[in-house]
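Asks: Quick one: the structure is below, and I'll ask about it shortly.
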Amino acid sequence: MAPWAGSEASSLNPLRALWLALAAAFLLTLLLQLVPPSLLPGCALFQDLIRYGKTKLGGPRRPAVCRAFEVPKRYFSHFYVISVLWNGFLLWFLTQSLFLGVPFPQWLHRLLRILGAAQFQGGELALSAFLVLVFLWLHSVRRLFECFYVSVFSNAVIHLVQYCFGLVYYVLVGLTVLSQVPLDGRNVYVIGKNLLMQARWFHILGMMMFFWSSAHQYKCHVILGNLRKNKAGVVIHCNHRIPFGDWFEYVSSPNYLAELMIYISMAVTFGFHNLTWWLVVTYVFFSQALSAFLSHKFYKSKFVSYPKHRKAFLPFLF
């Protein structure tokens, strides 16, 4: 374990506090959805804020005022545009610092310090953070490609609050990765001035998990897109149908499960013991579990013949 781990792992800096709060909020929201409706009074605004796309159809009747804050679900692509640009920007700064010795800009260094980045000395975090930021950028590029060329969006909507949160999320998650870089002033600290000296077995394992999870998520999005296309690849409708194949044989929302696995692969790349990133993973787990649970309820209510053996999110468990 790195020499800084003992002192830094126990501190609750602003980033950790934020991810912990988000994870707790989504856990509470998920638990509230598991309570029988008869025991918990419904709140249309609350349900409107946690549902999006098809799951809004299965929620309580929405007040007319809620429709004034709708934006098309296809605006999901904006999240990945922001992520590709912003996290590519951060990756450029990190690459310059790692390989050319260029210090971080003053504004970026100050921002990282405000968020809780510390002056680490040692460990494998420089290579780990570089790889994770590359993974995050590649993930965003692929999802942006899927939004334009794979997914078929209907007229479904998301709440304006969800849209704004999505834009901020990808800025925040990139800064979270960069805050894990060991710094010596405004320069990245690299053991022996050679990045390859930090290479460890968990970097290889994390990379393998990342590409494996990404491949399955892509397959699931292709399956969903093809449900609305004919054999020639032409979109013929925007109705919902029961998906089959790949991880759909086990859960209703394998794309959400793959998203979780992608973030776990990044935790592995960080060497398993990065508390900050495990808090990010915890948030992703509960947020994706909530979306998967609501999607599962929608499918079961819409299709009488929906496969009874499928779980919502975790195969054989939930």
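The backbone N, Cα and C atoms fix where each Cβ goes, and this holds for glycine too.
Taken from TrEMBL, the feature domain '3-oxo-5-alpha-steroid 4-dehydrogenase C-terminal' applies to 200-318. Annotated transmembrane segment per TrEMBL: 79-102, 114-137, 157-178, 199-218, 275-294, in sequence order.
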Asks: Quick one: mean pLDDT on the domain '3-oxo-5-alpha-steroid 4-dehydrogenase C-terminal' (200-318)?
Replies: 95
Asks: State the residues, same chain only, that lie 6 or more residues beyond the ends of the transmembrane segment (275-294) and have a CB under 8 A from a CB inside it; answer 'none' if no residue qualifies.
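Replies: Tertiary neighbours of the transmembrane segment (275-294) are 9, 13, 15-16, 19-20, 22-23, 26-27, 29-30, 33-34, 50-52, 55, 58, 132, 173, 176-177, 179-180, 251-253, 256-257, 259-260, 263-264, 266-267, 312-314, 318.
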Asks: Hey, which bits of the same chain come close to the transmembrane segment (79-102), Cβ under 8 Å, at least six residues off its ends?
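Replies: For the transmembrane segment (79-102), the list is 108, 126, 129-130, 133-134, 136-137, 140-141, 143-144, 147, 166-167, 169-171, 174-175, 177-178, 181, 187-188, 190, 195.
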Asks: Taking DSSP states H, G and I as helix and E and B as strand, how many residues of the domain '3-oxo-5-alpha-steroid 4-dehydrogenase C-terminal' (200-318) are helix, strand and coil?
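Replies: Counting residues per DSSP class in the domain '3-oxo-5-alpha-steroid 4-dehydrogenase C-terminal' (200-318), I get 74 helix, 4 strand, 41 coil.
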